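Here's the structure, in structure tokens; my notes come after.
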Amino acid sequence: MDFLPFQSSVISESLGAMLEEDGDLCPGINCCMVCGAPSKLSCPSCNAVSYCSEKCMKHDVNDSSNDEEAQGHTTEVCKLLKNCSSPAKEDSRSELESYPSTLSNLLLSHPSFEPILFASSSSNRKSFQVHVVGAEFGSELWTAKDSFGACGWREAYAEALDEVCEVAGIKSFELVFINTDLEEKGVERLSNKVSACCINSKYEDLKPTSFVITTPDLLALFNAGFTCPDYDWAGTLTSVLSSASGPIPFFATSNSELENLNDVEWLDSNGFSTFDLDGDEGANQESENEDVVESFFGENPFKGSRVRQSGMLANDLYVKSSYLFGGTLSLPRGGKKRKEEEVDDDDYDDDDVANVTSKSNKTKKSKPNSALI
Ligand SMILES: [Zn+2]
Ligand SMILES: [Zn+2]
């Protein structure tokens, strides 16, 4: 996969108006991709986009040569959609392995995480605990059976995190996976140094145990979707941060740059984190040393290679966790915190993590860069 268009689905004004009216309409999925009428046929080649008529189907290829514009159901999009339903084994595997890989590589190579990683190894506890919130079977957790010839989640996290322990001198790396439908098996040892525990609970109801602590060293949120109306993230974060002993470093992933922006804006406007989306020079500040981890925003170089079809717009494609951002979460205090001091950004080395840009240079809204894979 060299390049995924930002949006392929072409939405006419009249279709746009229909979507405003009826939030359940998903063009090309449960109605005609072009006009929104009930669908009667689908693309004979990929079978992944539906239309009301041959006429609409023919219409769904925009021959505009402008790369910035949605192109509709082009040959390239059709080919990619065809692969969505039967992805190559290595692509499926790389998507699964992107979870441990993103976690371990961020810790090892992103300068933002150096303070917490190395603070942990010099503390008395000699342990590092990550809470993976909203973990799901088939995503963050998978069995060897459905891992397409590779190992299951236990082996994959053990291998990835053993390396982190080695580099940072951590004696015990602890993973806590939390969601409301996980099977609890107690604390499992994944390797000499890595152990894990699945907790069947809402994150805000998480009870500390001899293993689980209330202030993890890092919060991992894969495809959290802070703006999703079905979930009360504000309530969850407030309650989690209230019982924590201080700010919590975090990273989150999302499926597109737009989702990433929405999530960051949501955190910022709700006062949980400080991001400067305008990208003013020097706005990258540590607010009175409260931000344990300097915030960042960018493409995820450790994403997998499996391309998926959007569930909302049939011609749109995405790669899970293709973008990420992170920083420090803290309880909102009297609205948004903003500082204007200049901060030296020199110690950031672009070569360490290709394309995970610190927020002060992330505003170059370039097209997705294919050089990463
Ligand atoms: Zn139609
Ligand atoms: Zn097709």
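Glycine residues also receive a Cβ, built from the backbone N, Cα and C atoms like all the rest.
Features of the protein shown, as given by TrEMBL:
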type	residues	note
COMPBIAS	342-353	compositional bias 'Acidic residues'
DOMAIN	32-61	domain 'MYND-type'
DOMAIN	120-308	domain 'Mitochondrial splicing suppressor 51-like C-terminal'
REGION	329-373	region 'Disordered'
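Confidence across the domain 'MYND-type' (32-61), taken as the mean pLDDT and rounded to a whole number, stands at 95. Residue counts for the domain 'MYND-type' (32-61) under DSSP, helix first, then strand, then coil, are 6 helix, 5 strand, 19 coil.
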